[in-house]
2 protein chains.
Amino acid sequence: MSNYRPLSEAEAIEYARQIPELFSPGAELVSREIGDGNLNLVFHISEPSTGKSIILKQALPYAKVVGESWPLTLDRARIESEALQIEESLCPDLVPHVYAYEKDLALTVMEDLSDHVIMRRGLIEGNRYPLFAEHISRFLANTLFFTSDLGMNQQAKKLQQGRFINPELCKITEDLIFSDPYRDADTNNIEAHIRDAAEQIWTDNELQLEVSLLREKFLTKSQALLHGDLHTGSIFIKPDSTKVIDPEFAYYGPMGFDIGAVLANLLLNFAAQEGWSKDASSRADYRQYLLQTVRDVWTGFERSFRQLWTESGVDVMFSSEAYQNHFMSELLKDVFGYTGAKMVRRVYGLAHVADIDKIEDTAARERAQRIALAIGTTLIRQHRKAATIEEMIDIAAKSVS
Amino acid sequence: MSNYRPLSEAEAIEYARQIPELFSPGAELVSREIGDGNLNLVFHISEPSTGKSIILKQALPYAKVVGESWPLTLDRARIESEALQIEESLCPDLVPHVYAYEKDLALTVMEDLSDHVIMRRGLIEGNRYPLFAEHISRFLANTLFFTSDLGMNQQAKKLQQGRFINPELCKITEDLIFSDPYRDADTNNIEAHIRDAAEQIWTDNELQLEVSLLREKFLTKSQALLHGDLHTGSIFIKPDSTKVIDPEFAYYGPMGFDIGAVLANLLLNFAAQEGWSKDASSRADYRQYLLQTVRDVWTGFERSFRQLWTESGVDVMFSSEAYQNHFMSELLKDVFGYTGAKMVRRVYGLAHVADIDKIEDTAARERAQRIALAIGTTLIRQHRKAATIEEMIDIAAKSVS
């Protein structure tokens, strides 16, 4: 850490110039800092004469969220670059290529994805991505299977798990998802008009027991190398391409957490259609598209995952059909629980989602918030009884009927 | 590792002489190598003029089991000494004191417990240890609670987990307990007269599913720092003292594995009474003592563990009575499963127990083996439905009725 310093734009250009076989020697390079400055510096470096470009992402030694600032380990840059490289080895078309990682500067040089948009924005704009379900379910199946005891050498997995011990970033998740929303914590960010709903959750002992079980699994179930923050703001997309970015929360945890993150963010957008759709018909139509995507993500995941298992399973004790069926059915329960937990915290916890917060009409925003809470709490409450993805779709559909 | 060499007895004496404030300066010291030479050198160093003595335990870079020899990491000496020191900080009267650990030599200098006997031998001789249940349940409660997310800082726990990644020794357990006994593996060591029982297990799909679930938890449930090999051969005992030794298998795993190891070895001795008791009456009497000990270990553990939780719990989301009850009931299920798995492998897997193997009368030995298998397989089969420790006691009692 002694050599760490935040780069200036000129330094970023100098650094980029040294990457072999990228820019023309002596070329004029242009840099723009495009990060939001809360966690990282993000430099977009381009060579106007050829159109070539790359991203330099440098971790800052602190995090700023809603005005608060707290120190945050630079080791997350190592975790992010190593996770990206593992993901690239398993599904090269679905993550940005990493050109270089510089430990002292907490700096990762990666493929520029400026021709993509952040998926959250794409969904808010009402776009459809017909390839998304296939892409993300393949990403999930490959990264979760091949980093788990099902698909990789089990001794190598233990060593890999040791390299992804990630206490500081896990604590952010533990606090913001599995603790603070369930009590009157200072970090919560509650609009006055839905405070009653939050207060009800704080005294709901049955719901809290289910959340405790999800928290316990997040803390102890070392199943696979997770992305750890797989919301639609961590996905770059265009019609023919999906790229998962920003795995700085990567650690060994329960597979259902990553899958649930994807589904939760689809369902948050489903709730947010109260404020975005032009009329009832287009609203119903777009919601149908989102629910079909939820279905396709799970069924695509399950199909790919089972196929990988059958073709590439490494453990004879895990090779029976009965065990595979049991595993998938337990995993779906986790998915329900984590989908729900990921939704609740986005309504009145510290960090919201633009899908809901950017709805200007207060009444529509409140409706979206209450729909999101209704879906989220129902999924949490019922997660240990969940048996098919259709139940999740029914819960969502009923919340707006 | 470059400076590693196995010590001679003379070198062991020289090393011991340097430990501060132990032996008199210039004193005559005597060394005896008392290890079995399979995994470690164990030097007993004493000063005859004062009666002072210590143990030097040095890991060998290989393991020999039943004539086979394979390389084995010296890092296990670090793991053992660090685990002993953590255990000593939590229950100082129940483990040997560590005077020193020398990384290069994979050497731990610890308290001499020669006035104790190995508990397995004590039980084979028909001794009773009225303080044992209180001692071991306190050991289990303190070591499991205070190394888990319930009782220690959850970020420090993650870092500690990273220091106890223990792939090689975990693999021994994974193979010998959760895999090889469930198929016709070369490593199995099957007496011809019980081969039929083993073959039946190899084709019992229901049983194998339950074992797969226990294997999965052993691989992924990072609940607490386990001893990892807590059989009665890892316990030194005398009427007023119990000392747990040899935690070289320590890693972050499911709590029920350690508790199950203790109960399994009590029940293996229960089965072995076919060959050791003088007559039916003393057999029934000693078995009653063993079953009472099983009961006392679990109930003592549960009482201590719940008390620690209520007094020293660190997590507000884990503080409800409903969650505590749920946790204890899930833990008991794990205990049933691991108790059963630990019994089955000791009958015809690679490493048996002297309690059964040293029975000279073949018919009595076979009866003991079949009792152990009956108890073990029933516990595995029923583990997910287990609700009270009395069910385990009933299963054992019925196996000899």
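Just so it is clear, glycine is given a Cβ too, placed from its N, Cα and C backbone atoms.
Residues annotated as domain 'Aminoglycoside phosphotransferase' in TrEMBL: B:32-266.
In the three-state DSSP classification, B:D246 (ATP binding site) falls within coil. Per TrEMBL, ATP binding site is recorded for B:N40, B:K57, B:E111, B:D112, B:L113, B:D246, B:P247, B:E248.
Other C-beta atoms found within 10 angstroms of the C-beta of B:R345 (substrate binding site) number 25, with every protein chain shown included. According to TrEMBL, the feature substrate binding site maps to B:D229, B:R345.
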Per-residue Cβ crowding (10 Å cut-off), top of binding-site residues B:E111, B:D229, B:D246, B:E248: B:E248
Rounded Cα-Cα span from B:R345 (substrate binding site) to B:D246 (ATP binding site), Å: 20
Chain-internal residues near B:D112 (ATP binding site), provided their CB is under 8 angstroms and they sit 6+ positions away: B:H44, B:S46, B:S53, B:I54, B:I55
Candidate binding-site residues B:N40, B:K57, B:E111, B:L113, B:E248, pick with smallest Cα gap to B:R345 (substrate binding site): B:E248
The domain 'Aminoglycoside phosphotransferase' (B:32-266) [mean pLDDT, rounded to integer]: 95
Between B:D229 (substrate binding site) and B:K57 (ATP binding site): CA-CA distance (Å): 17
DSSP-derived class (H/G/I helix, E/B strand, else coil) of B:D229 (substrate binding site): coil
Maximum Cα-Cα separation in Å among residues B:N40, B:K57, B:E111, B:D112, B:L113, B:D246, B:P247, B:E248, which the record lists as binding ATP: 18
Packing count at B:P247 (ATP binding site) (other Cβ atoms within 10 Å of its Cβ): 27
Euclidean distance between Cα atoms of B:D229 (substrate binding site) and B:P247 (ATP binding site), Å: 7
